[in-house]
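Record features (Swiss-Prot):
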DISULFID  C92-C186  disulfide bond
DISULFID  C164-C171  disulfide bond
DISULFID  C282-C370  disulfide bond
DISULFID  C315-C366  disulfide bond
DISULFID  C319-C364  disulfide bond
DISULFID  C328-C350  disulfide bond
DISULFID  C330-C342  disulfide bond
CARBOHYD  N175  N-linked glycosylation site
CARBOHYD  N398  N-linked glycosylation site
MOTIF     528-531  motif 'PDZ-binding'
TOPO_DOM  1-43  topological domain 'Cytoplasmic'
TOPO_DOM  62-441  topological domain 'Extracellular'
TOPO_DOM  461-531  topological domain 'Cytoplasmic'
TRANSMEM  44-61  transmembrane segment
TRANSMEM  442-460  transmembrane segment
Amino acid sequence: MKPTSGPEEARRPASDIRVFASNCSMHGLGHVFGPGSLSLRRGMWAAAVVLSVATFLYQVAERVRYYREFHHQTALDERESHRLIFPAVTLCNINPLRRSRLTPNDLHWAGSALLGLDPAEHAAFLRALGRPPAPPGFMPSPTFDMAQLYARAGHSLDDMLLDCRFRGQPCGPENFTTIFTRMGKCYTFNSGADGAELLTTTRGGMGNGLDIMLDVQQEEYLPVWRDNEETPFEVGIRVQIHSQEEPPIIDQLGLGVSPGYQTFVSCQQQQLSFLPPPWGDCSSASLNPNYEPEPSDPLGSPSPSPSPPYTLMGCRLACETRYVARKCGCRMVYMPGDVPVCSPQQYKNCAHPAIDAMLRKDSCACPNPCASTRYAKELSMVRIPSRAAARFLARKLNRSEAYIAENVLALDIFFEALNYETVEQKKAYEMSELLGDIGGQMGLFIGASLLTILEILDYLCEVFRDKVLGYFWNRQHSQRHSSTNLLQEGLGSHRTQVPHLSLGPRPPTPPCAVTKTLSASHRTCYLVTQL
């Protein structure tokens, strides 16, 4: 603040508005509240100050409103890397069960649930499979496990995988992990399960990724008995390329690869980063499939969990698991959790209808993950084998040329280049930007700063001390002064009446409770009640 000048201002209290206006660093106040009478110049300065303050407050309100809308912006960038983690690759044969592995006991328990067969059709279906009918006196097993059926009758990778190479080095079924999906028994390459080291690549282009040759075993496909959701009409495999943290939803996101073709899949890694509320709607909380929700919240909500990391597909899968577990008291084979696997009857009467109803209602509210990795893909294909190579492949694989054309496919998955894209949401308006805008508007319109605000607060404290606290102090001082005057008046009246009294000598008066010394040689005593 500016120093006080002049004897007149020096005598004024600090709470005086003129003293504050003449010393405050805020522009214009000295012209409004300065010394002198009311004039046109003072009025114009007052109008200018009021208009500037109003404009400043309006701009501050607009900036605060914009900040509270929590806008965000998306930044797209491309970065280079010397080494990239190779994605997980999940493979599923489109045919869920091999016809050669089905037994009369399987048809008795699961024929209706999986194939839509009536009991009277079992014998005809077995004949269509080329299998003998059930012997006379056939007795089904007392119990049946759907998980064991898929594990036993699903296609084996040992039979399907004809050749495997990663970065030019041989690989085999031991490099794949068995996983169950809605399509049955599947296999994942580079899953990272059980703490296995993730494979990486240091070069892009063909020959620097995964090269496999598969036999789809079309002779093992189930006959199409009737129009049923579980019986496929196509031949080939489904492939999903995904991150190791994300469970495969291959029935919805898988790519179709057909026999008789070599398919090339060029990938580019994309790292996505989204903002949590209120700037965005992402989540990093996992949904526990074993958690039993409250009746008012049947599907529950994501709850913090250190493992596994939250993914969109993982949330949907956990949501489906909880829904089926609540409706049916069991789970389907591909669903995670500790709930018992549904029986074939529960599959048919409860689990399948519950999943279909849930998908129609879109009951799972799964937000985007705050951080995720996905892979952009470009596909191309050529026919195999060529006429020149058909005889060579037939000798190498010990298969006929016709069999190779109908059952064998090749798949090459590789990175296009060792670079990756980043898609990142950022806050469009930070708190520092808000404070900077407020400071700029403050300096532009009223010529003030943060120290000016401190001066105003200091002035308000002076006003409070002088006006409010001073009022109570003066009131208390006035009451104390009135009591003193009353006491002095009482003393004066008694002192003037003493000479008119004709009292004889009396013994000395003992000391009393209230005394007032009038002189060095005489002391007068009064009772408290006389005051």
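Heads up, the Cβ atoms here are built off N, Cα and C, so glycines get one too.
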C-beta crowding around C328 (disulfide bond), within 10 angstroms: 20
Cα-nearest neighbour of C171 (disulfide bond) within the listed disulfide-bonded residues, C186, C364, C366: C186
List of residues, in chain order, with Cβ under 8 A from that of N175 (N-linked glycosylation site) and at least 6 apart: C164, F166, F189, N190
N398 (N-linked glycosylation site): tally of other CB atoms within 10 A of its CB: 7
Winner by Cβ contact number (other Cβ atoms within 10 Å) across the disulfide-bonded residues C319, C364: C319
When distances run from the Cα of C315 (disulfide bond) to each of the disulfide-bonded residues C92, C328, C342, C350, C370, the nearest one: C370
C171 (disulfide bond): tally of other CB atoms within 10 A of its CB: 19
N398 (N-linked glycosylation site) to C282 (disulfide bond) - Cα separation in whole Å: 53
